[in-house]
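Novice: This is the structure I have questions about; it appears just below.
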Amino acid sequence: MLRFVSSQTCRYSSRGLLKTSLLKNASTVKIVGRGLATTGTDNFLSTSNATYIDEMYQAWQKDPSSVHVSWDAYFKNMSNPKIPATKAFQAPPSISNFPQGTEAAPLGTAMTGSVDENVSIHLKVQLLCRAYQVRGHLKAHIDPLGISFGSNKNNPVPPELTLDYYGFSKHDLDKEINLGPGILPRFARDGKSKMSLKEIVDHLEKLYCSSYGVQYTHIPSKQKCDWLRERIEIPEPYQYTVDQKRQILDRLTWATSFESFLSTKFPNDKRFGLEGLESVVPGIKTLVDRSVELGVEDIVLGMAHRGRLNVLSNVVRKPNESIFSEFKGSSARDDIEGSGDVKYHLGMNYQRPTTSGKYVNLSLVANPSHLESQDPVVLGRTRALLHAKNDLKEKTKALGVLLHGDAAFAGQGVVYETMGFLTLPEYSTGGTIHVITNNQIGFTTDPRFARSTPYPSDLAKAIDAPIFHVNANDVEAVTFIFNLAAEWRHKFHTDAIIDVVGWRKHGHNETDQPSFTQPLMYKKIAKQKSVIDVYTEKLISEGTFSKKDIDEHKKWVWNLFEDAFEKAKDYVPSQREWLTAAWEGFKSPKELATEILPHEPTNVPESTLKELGKVLSSWPEGFEVHKNLKRILKNRGKSIETGEGIDWATGEALAFGTLVLDGQNVRVSGEDVERGTFSQRHAVLHDQQSEAIYTPLSTLNNEKADFTIANSSLSEYGVMGFEYGYSLTSPDYLVMWEAQFGDFANTAQVIIDQFIAGGEQKWKQRSGLVLSLPHGYDGQGPEHSSGRLERFLQLANEDPRYFPSEEKLQRQHQDCNFQVVYPTTPANLFHILRRQQHRQFRKPLALFFSKQLLRHPLARSSLSEFTEGGFQWIIEDIEHGKSIGTKEETKRLVLLSGQVYTALHKRRESLGDKTTAFLKIEQLHPFPFAQLRDSLNSYPNLEEIVWCQEEPLNMGSWAYTEPRLHTTLKETDKYKDFKVRYCGRNPSGAVAAGSKSLHLAEEDAFLKDVFQQS
């Protein structure tokens, strides 16, 4: 970024930015960059060079003599209106001694005469230093195997990092160079202002090409780049005391011994060990310690299977006897609820002390084998913790840490979706630490077949994150990098990437044979020393510890593992161990399976609703609302005041508002949710003159809760996962994710299948997340018609074969894995949303809603429906005794769910049919067995029962409802042998017809079938 416009240099405002003027003439100007003299915009105008130029310019402003004479002339020329930008930069004559094929800039009027050899050398050394800053990581010794990274036959040393490139020879190595801007300025201390060329190169090699390499020059912020240089471009970036080395050794010993112990005791079990990357454990523990020192109170970790058990044991502090009991199989007891999961998927929540004496809450979220799917869940949990701690401004008290595999980080799209939350106002977590456990292989696939970039971490350049590559065999370098990443995140509240390059001792799991596919790689691995052996030899050789001391410590650690192994056979795991988040005062899943909890009321006093109506229909004085929206808002207020004609959006707003007044936080998220895809919600008002915003519900006076509504990025997988994670943190959050159209929710199918449907049964992970899914066949084609109701119902855990006992009926909601509803009235929507929060447990809710019913006259409620009663599982026909006969006169009963009711109502009205009644099933799962049985018994003279749906036969509710309907009929007084007749669209591969005319023809056909029209 070029920032040359200032009060001191106002001339740049009239001439345009320096970068702009140079770009215009780039085709004709030959420019000397920081390495290669080129024609055009190759080097001089790149982002990284711009930062360098900015640095030179600021130094020149303070003291023109502090920069090279060529820079002094250049900046003077740019300040001179008589000299065109194309002539501003003039290279000294002797700079032309560049490698063949390059060309120096032509001389102009700005500089005349000769420049001595020292000037040329100084400028070339500046270019050399910059080349190390930009490309030094390509030469760094970050690969312990020497096969993928660093300089080797496949990756030759970049020419810009060689002395020959600048025309230097061995005779130049002893020449003294002035230190200053562009040449190791932080080494100019203690009276030392010069250094030989050899010393400079040696320092550059140590700083940028040792066991770690840093990519940061892609970051446009000079402040951030300078901050990093202050920490890595210094004589000794890190030096550890004896006590610090003892701590590193101890942590590495525990990590290494853990894998060795499991390998000895359970040689044939899968554990997805961390061998070859054990230094990650002391790295993470350093990250935890430093972050806590800087104010972090909660750390949420997400990772896949590789090394998970080691992290659980050594970082989160899960008892080793608990882990060993899982290997033995002794934890599969009758008193442990849920189906459980394999040991390398389980999560944990634990509070433990750190080296500073402060405590930290560590949470490792449970995860499936769908790699990276836990990433957005972790960030959602972290954001919710920041909210709970009233820290959404500073974002210092909670931290998300994600561990990725190298293949998954580069290959899984949800990684990018998750990183995209970084600066979004309602999704930012103040920066995430990403740790790539890079074993240079993905199952059996080499990196060259798994990604199109040199590093797996290159994706992170999109968010201007620094990328630290570090050799896993150098545990001190690893520890330094993790510490640096913690400080970066605290300072700048942005992401940092740590790419720990190591190897994988075994195959994908311990029973796999990797030499089938990577024979040469595994020959190298067979010769590798373990990380702890490398570090032990270093400590012994430098005299820090004796071999005897180290061996005794290893033995002590091993004996502690043996003790835990003995205790494992009698170990009884506590319920709290598995919980990702502990909800104090809430019933556990085990208690829900045995107790019957009362149904709490969801109705609200009329006075409260009318006060809310005033809030919803007003705005600040001087705020200019769109003229069309004024009418809509006033009608909302009027409907509440008169108590009649309350529409869908108003019913929803009343639910949100009353929950906030009850002390429940409400968060609504998704694409375009502020206005609503169908222009129905208008939760956020925009001033038509200033574009200032006003959110009526956020003005409600309750210190305990607030209302948040946020348009999300155009992502389903990432955002749904984020909101799921948000919902895990506290039961006092109503979190609702809304799809733009229900059809697009399946982009997040992994979150639905692996987390929402099975999270509680597998991991005791409780959530009250609401999925709001627009659904309904309106002739808009196969991409805008269906939220895939059938898929949610297929995931339902209820047994359709048996009518529930009385006890089971009372506990239906407690036993279900999630709920599926398709309400048709604003009042029922109001009660279902309030019911989510007004009970002593939480269950996810798939809430299907009709686009057509948002404004339909048949979808209106009166205020009394909000002040009395509650959610209705089924709604009987309100036309009995009006436009149709009584229940006794009814011959045909049509069961249905959702907006097909409006088409049926219209057809019945046109036919003048008096003997057909409709019964709307508002809640599909748990199924209303008892309510439906009682309703059927109230119709004494039915001749047929029909199920009608607008979806095709192989979609919608039919496959789910058919067995349950027949189970229910067997419990009725008169209809035990009845068969329900299906009326709906024929089976189809596509969701819906693409043309309106075909849509209407299909609808007409099944409506005729319902009423037996010829």
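Glycine residues also receive a Cβ, built from the backbone N, Cα and C atoms like all the rest.
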Novice: Out of Asp391, Asp406, Asp474, which one does Swiss-Prot list together with Asn439, Ile441 for Mg(2+)?
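Specialist: Of the residues offered, the record points to Asp406.
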Novice: Among Arg306, Arg308, Arg317, which residue shares the thiamine diphosphate site with Asp406, Asn439, Ile441 according to Swiss-Prot?
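Specialist: For the thiamine diphosphate site that includes Asp406, Asn439, Ile441, Swiss-Prot also lists Arg306.
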Novice: Restricting to the chain of Ile441 (thiamine diphosphate binding site) and a gap of 6 or more, list residues whose Cβ falls under 8 Å of its Cβ, or answer none.
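Specialist: Asp406, Ala407, Pro447, Arg504, Pro514, Gln518, Met521 - these are the non-local Cβ neighbours of Ile441 (thiamine diphosphate binding site), listed in sequence order.
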Novice: Around the recorded Mg(2+) site, report the further residues of that chain (criterion: Cβ within 8 Å of the mean position of the Cβ atoms of Asp406, Asn439, Ile441; site residues excluded), sequence-ordered.
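Specialist: For the Mg(2+) site the neighbour list reads Gly405, Ala407, Thr437, Asn438, Gln440, Gly442, Pro447, Trp503, Arg504.
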Novice: Return the count of C-beta atoms lying within 10 angstroms of the C-beta of Asp406 (thiamine diphosphate binding site), excluding that atom itself.
Specialist: 25
Novice: Rounded to a whole angstrom, what is the largest C-alpha distance between any two of the residues Arg306, Asp406, Asn439, Ile441 that the record assigns to thiamine diphosphate?
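Specialist: Output for thiamine diphosphate binders Arg306, Asp406, Asn439, Ile441: max Cα distance 12 Å.
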